[in-house]
Each structure stands twice: as C-alpha cells, then as structure tokens.
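Database features, via TrEMBL:
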type: DOMAIN; residues: 317-433; note: domain '1,3-beta-glucan synthase component FKS1-like'
type: REGION; residues: 1-36; note: region 'Disordered'
type: TRANSMEM; residues: 481-498; note: transmembrane segment
type: TRANSMEM; residues: 518-540; note: transmembrane segment
type: TRANSMEM; residues: 552-570; note: transmembrane segment
type: TRANSMEM; residues: 596-617; note: transmembrane segment
type: TRANSMEM; residues: 661-682; note: transmembrane segment
type: TRANSMEM; residues: 702-724; note: transmembrane segment
type: TRANSMEM; residues: 1470-1492; note: transmembrane segment
type: TRANSMEM; residues: 1641-1663; note: transmembrane segment
type: TRANSMEM; residues: 1718-1735; note: transmembrane segment
type: TRANSMEM; residues: 1747-1767; note: transmembrane segment
type: TRANSMEM; residues: 1814-1836; note: transmembrane segment
type: TRANSMEM; residues: 1848-1872; note: transmembrane segment
C-alpha cells in the first residue's frame, strides 16, 4: 500500500496489526454498508470521522482518492493511539487495515499515473465543479458539505504530496477554501454567513434587522490577543465569548437563538413596508422577560442591580450585551440550569465585570481604543465557573447512593440553589473562592470504609427544609386543614352528645361552653405543629437565618404558653369540674372568673382574624408578600418565613370568591352528612356501651378493671373517625363532577358529537372556521366586504384546510379512497352558482330528487321546486349536478355545432324554469334512464385506459355521449327534436363525434368527474361516512371546537414562535420486521394481531399502497408494513410524524395568509412552484415555518447507539437517522461520550450535541462540552430534557412524551393556543403554562385499556377543567402542556431533577411555576394524542410509579410551601387533588383493617357477645351507616363518576349510562379496587421506607399470557399478603362474631370487603389473557415450582429464583432508618392477636382463660418450628450420605406426631375444628416472626439464624401460592370459563368486529399475510 511518490509509502506502524485477527463486531457491523465505517469510529478517534465520511462521499467518483483518504485516517489514528490502548481502537484499526489492503489491490489512479498527481488533479476538479461553480447554484447546506470534503482532501493531499510538488493552482484553491470555510458550516435554522444563493429565511426583514442589531460592535473595546494582534469581532456574542471564554458551539447556538427571539418578537404587529432597524421596545420587552427573575432576586437580597444600561445610542447595544451574556451563561451551565438563582449570582458577577470592561476604562471614555486581553482558551467559563459548582453537585449526588440514602443526608438541587437565596452567597467571591464553605466537601473515603463507599467527615446541612421520611409531613404541610377537621369533629361530637339529652342542645349555654373547648384542642395541635417545625427542620438549622430560627423558637414558646393557659382558663370557666378539668382548676389559685377563658380565646384568635382580613383583601396580601421593604417584612415575619419563592401567589377577588363558594358549600354538605350519618347515630350506642358492666371475658384480660369499656368504644369509633377524615375526598369527587359538567356545557363541549349533528351544522362550519382560524386585518375585511368576495374566499380557505385534513386521515389509513372523495370539498365554487358541499352531505339527494320528480303528479313547477328547496342540500346538489354536467359536456365537445346543441338544451331548461313551465316542457319519467346512462358515462371517463386502445376508448365515450344526448332529446324534452333539427348541418360525420379526451388528463377536470359521479350515484350509505370510529371522533371534535371560545388566529408572521421537545431513551422507534413477525406462545404475531384489531385500517392501507399514484413498486413492502404497525403503537416514529404536522400546517397557513385570491381558488396542492411568484411564496412559507417551529428530540444515548453492537441499539440508531432524513427540520440532541487524553491520562469527556439529517448521514450542528456526565446528578428524564433545552427556540415550548401523537387538524389550531400566552388574566398576569387536553388512543385494545383510557380521559378533561377553574390549582401533569419558555428557562426549567424526591418530575414544574407567581390555565378546544399502558401488569407498574411519586411529593419542600402559602380553601383544593387522593386511598384500606381488627378484638375477647345483649346496641345500624360511604370509595365508584359525566357531556348520557353498565359487566370495579391496593401499598411504603424508583412499564401490545410466577412476584406484597390477611379476618369474624347478619347495610359493607379480598387475590388472573386455559395453568404450575425451588445468589435474577426475589423485596429495609424498622416491627405485632384470641376458643382449652393457655400455645409453636428445623438440618446433613439414618429420623418424628395427636384427641378433648382453628392461629404468628426477622436481618445474620428465617419464609410463600393457585386450577377445568374470560377481556374488540378468540386460540389466517 505504498504511494507512488514514496514519501508516505509505508505502513510500518501498522504492520503488526496485519497479523491480528479482525474484530468480528466491527467487521460485521461494517459489512452492512460501505459508508458505515465513519459512524463506527471509537470516541477517542472522533477527529478521523470526517476523513472517512469524505472518503465515502468521493468513492463513486474516484475510488483511489477514497483509498488515500482512508489511508490518511489510519495513519492519523495510529499517531493518536500507537499502542491501541483505547476502547475499541484495536478492532477499528484492524478492520480499517484489512479494508485498505483490499482496496490497495483493487483501486488504481484514474486521472494520473501516480497517487500525488491523482489527488492533486482530483482536488482541482472537485474545487472547480463543486465550490467555484457551486456557490452560485448549491444550497448552503450542500456547500457546507463540499467545503468539509475539500478541507479533508487537502489534508490528505499534503500528506501524500511532498510540499515542493504542490502546484500553485492547488495552493490557491486551498487558500480560498481555508478563508471561506467558516462561512459554509452546517447550520441549524439560519445560514448566517452563507454567500451566493441565500435561502429565503435570510431575506426576511426581521432576520436582517435582528442580525444588524447584534452585529453593532463599533463602540466595543477591542481585544489584544497574546500574539500582539488585535482581534476584531463579528457580533456582540463573539465579543462576550472572547471576554469570558465561552465555547464556540455555545456561542453559535445562542447567536441563532437570540436572533430568532428578536426577529419573532419584533415582527409582531409591525409594518413590513419600511422595516430596517430593530425596534427598541422589542429589546426592552425581551430584557424585561429575561431579567424579571434576576430583578426579583437582587431586590430580595437588598443588593444593587448590575444591569447598567446608559441612555442614548449605546442603550440597545448594552441591553443586547446583557441578554446575550445571560443566554451564554444559561447555554453552557449544564446541570446548573436547575438552579436559577445560582445563575442569577453568576450573571450578577459577570455583568459587573462586563460593565467594568465597557465603561470603567478611561481611555474608552475619551474615545481612544481600549485594549484588553481575552481569557486563555474558549473553555475557561466551563472550567472556572461551571465545573466547580458541578463538582459540588456530583459529590452530593454520590451521597445519594442511587436513591438509597435518606434525603436528609445529602443536598439536592433545591438545597444548593437556595444557598443563593441568602447574602451568604456573596462570600463565595468572584472568581470562586474554592476555600469557601460551599465548595469544601468531606468526601474522602477512608480505606476501611471502601466496601460501603461511605463518605466521612462533617456533612453539609440542608438548606431551609429537610425531607425527612415520615407521615408527619402530611400534618405539617396541611396543619390548617387537619386542625379544622379535628376541631369540627370535636364540636360535632360534643353537640351530638348533648343532643342525646335535649333536642335543642345547640342553644344551651353548657353546650356552647363545652364546644368552646375546641380552642384547648387547637392549642395542643398548634403546639404539635411548633414541635414538628423544629424537629423536622433540625438538620437545616445551620443554614437558617437567625430570624427564622428565632421565629421557630418564639412560635414554640407561644405554643407552650397557650398550651398551659388555655386548659387552665377553660377549667376555671367550668362550674363543676371533674376529672382532669378539676386538676387544671386547682392550678390557678383562688381567682375565679368565667370570662377569662373567653378573653384568652379572643387574644388567641387575633392572628386568625388578621389572616381572615387579609384573605378578603387578596390584592393587599399579595402586595405585602411581594414587598421587599424591611418594615413590611417585619410585619409579615410571624405569618410567613422569609423565603424567595411562594410570595404573593394569591388570586384575584373573583377567583377567590369562586373557589371559596365551592369549598364552603362542599364543607357544609360534608359536615352535615358526617354529623347526621356518622357521628349522631353512634352517640347513643356509645353511651350505653360505656355504662355497661362486663364481668367476664373469653380470653385472659390484662386490664379487667378498665372503666367505660374504652377498648370497645375505640374499636367502634376508630373506623368512623377514619371515614370522617377520608370522605371529604368523596364529596370532592361529587362536586368536581357536577361543576366540571357545568363548565364543560358552558364551554360548548359535546355540541357536535355525532355525524348527524355534524351534517346538521356543517353549513355554519366554514364561517366558524373563518372566525376562529383565519386571520383578517380590518382593511382586508373591509375590502372583501365591498366586493362580496369575503364569503367565497372564506369557503375556499376552509376547503384548503378541510381537504388537507381529509388527506391526512387518508394517509393515516383511517378512511378509504371512496370515503376520501366523499369528504373532500372543491377548492373553488367559482364554476357553479351554489356552494359545493362535500358529497357526504349530499349523499342520496340526487336519487331522491329523481324519484320525487318521477312520481310527481301535479303540473305546477312551484310545488316541485318548493319541495326541493325545503332541503337545502338537495337544492345545492341539483344545481351543482346540472351546471357541472353542462360544463363537462361543453369542455368535452370540440365541434361548435355540438356545443350549440348543448347550450340550446340548457337555455330551454333555464327559460322553462323562469317561465314556470318546466314540467310541461320536460318529461320527468325519462330522468331515471338519463341517470343510469350518465352513471355509465362517468364510469367510462374514470376508467384507466392503455395508450394503444385510445381509439376504442374514444369510440366508447362517443357512443355513451350520443346515448345521453339522445335520451335528453327524445325521452326528457317534449320538443327535443326541434332543437336537434335547428342545429342540423350538412356534414357527413355524425354529431357529437369529435371529443377532447385529452381533457381527462387534467387533474381538476377529473376531480369534477369523480364528484359528479358521486353526487349522482351515492346512496344512503354515505350518511355513515367516515366509518372508522377514530376518524369520526376527530372530525366531530374538530368541528365542535370551532364553536368553542378561543383567541383569534394571528397571521403566521405575527404568531408566537415555539418549539417541541421530546425526551427519548431506548424505547421503540420503529418496529422491526422480526418484532412484527415474532410469534407469542399462541402463535400470534403483532402484525396479525393489529390486522384484527384494526381491520378497516388494514384494508385502507392495502388499498392505498395498491394505488398507482402511491408508486408502491419503488417502495419496500416490509418497510411499509413496519410503518403501518409502528403508527399504531407507542413509538417515536408515530410521535415525530404527529409533531411534524405543526410544520405542515404552518406552511399551509402561510399560503392562506400570503397567496392571492387566484392561488387560493386554484388550490394549495395545485400551485405551480415553477412559477416565480408561487416559488417565492413556497420559499417564504418554508422560511416562516422554520422561524416559528422547531422540533428537538432528546435522544440521550443516540451516540452510544450509533457505535453499539447490540441489534436493538443499532436498529434504533438507523431508525432515528431515517427519521432525520425523512423530516429535514427534525433535530436530534444527544449526550456524546468521548475518551480524550488529558494530562497523559485517558478520561471520559461529555458533550451536548445537536445533529440534523444530511444527504445520507447525520450532520453535526453544535457541540457543547459539559462539566461531567449530566445524568449522574439527577433523575434521567428531566436531565435528558435539560441538556437538550438549549437547542430549542421560540417563546413557547411544548413538552411531548414519546408515546404521544398529534393530528393535522389540531395542529392547525396551535397559533390560536399560543395567543393564550399573551392573554392577560385579572390584571397583568399572563399564563406561564397552558394545559391541553389529551385523547387516549389505546382504549380499543382490551377492556383494561378501555378502563385506563376512560380514567385518564376523565382526568385530563373534567378533572383538569375543575382544577384550572374554579379551583386554580392546576399544575403540570406531564405532556402536552405548553410552557412560557423564557419564563421557565430563567426559573429552573420545565421540570425538577433531584434524585428520588423529584421522581414525578413533571408536577414539580407546575409547583415551581406557581411558587414563582406563574399562572396555569387549561384549554379543551385542542387535543393531542396520548398512549397509555394496556396490560394489567403495565398498568400496575404505572400506578406504582405514580404512587411512589406522590409519596415523595409528600416529603418535598414544594408541597410544604404551597400548603402554607395558599389560602385555606385553595390549600384544600391542592391537598385533595394531589397527595390527598393517595392518602385517602390508603385510609380507605386502613379503614377496612381497623374495622375488622376492632370487630375481631370484640369477638375473640367476648365483649361483642356481652354488649350485644343490650337491645338498643343490638339493633343499631350506626356503624354500618358510617362505613357505607367508605365502601363506595373502595369499590372505585368515585373514579367512574367523573367518567360518566364526561362521556355524557361529550357523547350523550345514554351512551354514558350504557358504557357504565358495560364497564361493570366487564368487572371495572374489580380493576379499580385492585388498583386501590396498588396506590395504598406503594404510597405507604414510600413514606415509611422509601424505595421509590422509575418503573419501566413497557409500551408494547399486550397479547401474551403472564405466568403465575410473574404475577406472584409483582403482587405478592402489595395485594396477595394483604388479601389473605383480610380473608383470615373475615373468616374469623364470621366464625366467632355475634353481629346481626340481617342488616342490609352490614351485608353491603361485608360484601364490599369480601369483594376487595377477591379483587386483590384474583384480579391479576382474571385480567390475564388465557388465565384459565388448562395447558397454560399446568405450565404455570411447573414454572412456579421451579422458581420456588431454585437457589439464589450473586448474579441470579429475581425471575429465576425465589431467594433472589425475596432478597430484592427486602431492599427497602436495608436502607430504611431505625424509625422505619421499629414501625415495621410494631405493625407486625398485629398478627399475634390471632393466636392470642383463638387459643382460648379451642375446645381443648375447655374455657380456661388462664395466661398459661397462651404460654402453652407458644410451646406448641416452638415445638413445630423445632421439628421443621430438625427435618431441614437432617435433610442437609444426612440426606445424601446417611439416607437410612435420615429415614429413621423422619419415621420417629412421624410416630411421635401421631402419638401426641392421639393423646390430644382421646385425653384432652381435641376436635377437628381445633386443628383448623390452630392453623388460622399459628400461621399469622409465623408470618409475624418472618416480618420481624426481616426487620432485624443484620442481627440475625450475625447469630447465624438467617438461613432458618429464609426457609420459614419459603414455606409461607409456598402455602400462599398454593392457596391462590387452587381456585385457578379449579376454574381451568371448565373450558367455558376461558371463553368467558376472553370475551370479558376483549369485549370492546368484539364489538368492533374483531376476532380475539381466534387470536388467543392461535388460528391464524395465513392468507392475511399475502
């Protein structure tokens, strides 16, 4: 492989590599494509990738030059890493060497005799052809590629050619390339420095003005570089880069960002005629938005602003410098972007430095040139400013231990950011003082602690708040609510207690005095709050201001004061004190005054009265809280801690009145219900029970002398009190449903919900479209009104959009070709005198009119015309058919005489109509024959014909045409022969023989033919067009939305610019062929499954690809199938396609905005881009679309996928690349990992990279170095969003998840929605988050998917509607909300990212926005598609993730601050719509436990039997009535309630009731009851122990059967264990209880509990496909046994071994604190009550209640465990070598067991019932021992008892599994059960004609694949 010159002719460095074996991975991946090697370059050799790309580009033209390029790449790689020590380098070099060896032999010079001459000659040709000539013809992106290749070619050239042999021509060309290559770099949106052919976007006046503004650098100081030369700059961003050392990629990115921001803001409502300079107000407005948070920050810290903008000529330049500086800081801040006040501090310091550079230079002030020195290196800002803070975050993140550590042990993003809320931050100095306390970190790991990787030293304190894991946060955050409900409960109990004696007790002085004791309770509760404030924030005390610390202590002091004073004062006010009141009565000495207590109460209530006054004056409260005046801060100090956020969030008076009225009404209803149905009925039984004397018990009672039967009272009241605190959630659901329905009705939702309604109102749709979606200036409207063209233009514009909408549905295969034609509207109605409505509205009108005319017996025209005109659409159809047929015949005929005949006939028709003699001159009986003939004639015109059959085709047309004319003249007209005779001539040829068949080649004429045929022939069936349910839903929703309230649409040029951001990790992009055809265990493929789920769409798809216009022959059928399937799944390809509708609609809207009337009437798709004006229009539309819309997908690991050897990763890379190539405006952002040598050591370096699609591969646009791996600091998804957000553009940002979809017609309304961001609400507030409606598109897959779809739909519609208005507590619940981008990028971004605590990252963005005075709204006139989980296990994982997230929210500072800063009623809204729902779910489950354990206590102790002897107690139904409401919640009925309302609102209440019934028949209550358990379990566990984590649910199609072991692993702890516990409780209560079972309420309550047990135990199997199929059941049992028996160990997955799974299930106990372990042990003690109670009821105990009985039971328990241990040890020690001894041991144990059992039966009176009772007694005890042992695992491991615990746990798990499995086995015996289950699961599919039974049986129709 020597070059001919010999200068570079040897490969000696790589000779050893020749003998190395080729790396199989590299070679195999490279074989796919010759161009792929450039994409497989190891990260440490990234600089050679452009060389290999250039080689691939030139290979077709000159293979030898390509070989030389690769040779150069190899040499460069060898120089960079001679030892091949980097990752993947050896394999790559080996692969490249083998390829070079092969190419050296195969390639020879083409242009010259040797390599040096060859490459010089090629370089010159390349330059002349592609650069010198191309700069005037090629686009900027093409030129960028040419310059890149030329640069590489010259680098190769100078290594091949000796310097002295490089000719002057080549050197001249190379110099030109070097000088101009900076002007031709790959760009994102704006080719700023392109020369030659400039894109239209650079010709926009707003872009020119913005570019001119930032290039104003004349007055800026110049830089003197280290080499002594002066450095001139192009614009202010380059100047800032030199001054502060920003990266080039960051500067380029923010340059474009700033230009687009300025241009889009400046052009709004500006006259374009004299557009030259940027408006000063634009810069002022942008500066105000960007620095609003900075302004608030420096005022809060009482420091001076560093925004110094002088007045005069330099003001705009200074403002742009400050804006550019902030954007550059933000663009390079990496993870610091989550810390907005940290960025404020950095900007504050750097702005001061910049001001010093600009204005503090004396030379500059007197006009001389200022000389300063730029920082060393472009990465100095990253190195010196960002990296130190990042390192602090990284060290704190390590303390997190991947979410295992307590939140209180490490500082998260909020803690670090809040450090900058105090003036302590100024101690950090500038540049950073690395010795400051903030940076000093005790992270040194001692050698002895290396195993635990535990940092030592003094831990830094938390800042302002500590996220301790405790339930007390619920009370601390919402103390006002709990105090209110507790005091209300106390007052109601007191009133009810006195009402037992007197019905007028409420007006009794004694009652009022007793009620006033609530203030004593309030003092106690406030004392508890003061204690919690101190205890829970203790770890943050070192960071608190002394004023905050003093406030906490002072509040505690006052709480203690009132805690002492209130009881004493109250006791002195009681006339005859008893009990504890007497004690307090004696403490106060001899003074006696009854009024003292009331004076104390009055003083105590003073703060509350002041708060109430401020509550009624929200404007005053808002102003006071926002004020930074110290006097105001002192006044507000007591009520509100001094914090930067959470100030002034109060709503306006109208909003306050609305949600106050809502909650006052709700609370009145709730308290009234609680009083009359929960509290009052229990008072009398309680009084009786307290006065009953119980002398005997059924067990050993430890406290027999306790008075008033306190335990019984507690057992009765405890569940009622729990229900009292929970049922507000029920009332909220009821009120929200009612109010949401009312608001929805007033919003015009559901006014068009069926096709019939659409047809009835379609005439008004174009005008509504014009009012809402078409922008008109006043001048345009006045002009069009004067010439009466406005309506015609409106209809034409509507038709453009409507037709594009219909075509999009056709391309999505929702409608067929026929349906498309029936739905299309002609672009222009100028050819006919009436409006041309879509044919589906005119269906059957012509046939009906023909029948009407044929059968019309009267002779007066007026009657027939009146009948026709009664139906407008019939009249329109007749006129259109007549005029279209006339025009068609006239255009088809070539002979003038023939045309005169047609014109004469038409004249006869028109004259007869005018003279009202139509029926006399024309015979109606001939019309049907004419219609039939026209049908055949039009069919013939629409037929395809071959060119060689043209004469035959012409003759057929002539024949049919002559038949038509003959029928008209002879059978329809009375005097038709006169018309023909009048035009008779002496020609030899026949009439109507000359026709212009070339007319049929015209698209517009063929459209008219098709439409005319449809009008004549379509029958009644077209009324149901479209047939597809999704197409119907979209059509009706779009039409309905046009009548809803929305802002008027601006012109595209004036609209807000926006971006869409989608985070992506490793999900499916496009399903592969293998995934399509992979069979499940039933032999079902995904493709076949979807063909049956969507049969109509599959049929439409096949019709579409068979259409000749589609050109399917040039497309891969497998690729088309992949796309069809992927567009029905939750894939990135579907999301990208949907989001790109934004761009399509923007281009259409630009056309409608700027096109002239002729173009609009001609049609959007009919314009000729070859025409200069239309080409300019097209280019302008594309330019404006680029300016207004940007789509960035953050593919975090795209770079790794590109180089990966994993098939899935490679597939993802290729599919993402194909998406970029298919959608040129799509941008991909990813985190690139590279290995670079720094200081002689190889280190990983990370970059944020933005790429776009090139000609074949991706092209890099921006590369910005990061301080470290960004995703190691916080949660993955928000970090993924954060790294990519810098590449977004515009004033708005829509967040879209990768399981979402969008629709063309909805994208058309985007500019209306964006106007909402400019709409002021209640003063000067504009929205910061726009909530949008979602449509769940996965509801048709199965009944579970339908349940989930309805649940999600109700939340995103009626639920969020009420949250936004009237409650004003809507936050951000995920996608697809639209953010005020500038507001959020200056306030921490669009999500929060701290590990674990921000698991539900989306809602924290809403919290953050609200706390920072944002305004969140909700809008339902636009919708975005959303996919949801469709399988039982997927749904449960999703619910678990959300419950985990809500548990973490409970601990967060955001919830605490919102709970305290909201007023009382808004706080109630906040609680019950967020964590309160999950806490209520947990309380619902807890109520069942408390009720059953209370009843079990009474039953086993014998108290129930003694107490129920009293008739008044026996007949009371009070407890049952109180618990009835809980049962409704438990059964999930409250989740269904809003669903029914929303379905009724949008689809009609008949459909809603029908759906409700069907849902119940499909066991929706079972599903919701099961998910109640999921919510309760994971929410409670999170608060107790933590363990929250992101749970990947998977988004595929669930058509597989989940094994029993899989279900057991997933639901064992959350449902099965709890379900079995409740089952035992219910059984024991049925056996030992003595309650009346005749009460219907009692039966309802117990039924609900049995229902809960059944749901928790068997729902996973009921909703599991093939869950009761016998063969599957057998396989499941085999798999279960294998899993239970397998041993665990390191590296063994939980799904392979029970031991591994069991260890994983205890993971939360490994990292919980001591409090968590103690609570776990304490909760486990409940299981001991079974044994204690049951042993005294055994017959063998003979009624003995001595404690010795219980002691003997433990002896039995210990004996059993000892025997089991002996057997286990014997098997292990003797089972192999001493088999006989082991058998003897087992025999002896068996004989002993038989002997003991016989003695017990014969001597002691043991009966069989005792055996079953003992099992129920001892099993819970054993389980309790296991639970306690798990909590004490470290101790048991040390003493060597852990193996025994594990074996005992295995035995329990086996028993539980068999108990659950047995009913499944029994049901699987009966085949009809499996068939019923299939029907149950897939009923929705059956109702749409599916064949799921065939799917699950595996009977595939093979013909469907052909």
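Here the Cβ of each residue, glycine as well, is placed from N, Cα and C on the backbone.
TrEMBL: automatically predicted annotations, no manual curation.
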Self-check item: Result, the transmembrane segment (1814-1836) in contact with the transmembrane segment (661-682) (3+ CB pairs under 8 Å)
Solution: no
Exercise. Go through the chain and flag residues at least 6 beyond the ends of the transmembrane segment (1470-1492) whose CB is under 8 A from any CB in it; none is fine as an answer.
Key: 474, 478, 481, 718-719, 722-723, 725-726, 728-729, 732, 1359, 1363, 1367, 1369, 1371, 1403, 1443, 1446-1447, 1449-1450, 1455, 1458-1459, 1462, 1523, 1526, 1529-1530, 1572-1573, 1575-1576, 1579-1580, 1618, 1622, 1625-1626, 1629, 1649, 1652
Practice problem: Between the transmembrane segment (1718-1735) and the stretches 552-570, 1747-1767, 1814-1836, work out which stretch tops the count of Cβ pairs under 8 Å. | Solution: 1814-1836
Self-check item: Segment proximity, the transmembrane segment (552-570) to the transmembrane segment (596-617), 3 or more C-beta pairs under 8 Å
Solution: yes
Quiz prompt | Model confidence over the domain '1,3-beta-glucan synthase component FKS1-like' (317-433) (mean pLDDT, whole number) | solution = 85
Exercise. On the DSSP side of things, how many residues of the domain '1,3-beta-glucan synthase component FKS1-like' (317-433) fall into helix, strand and coil, could you say?
Key: 84 helix, 2 strand, 31 coil
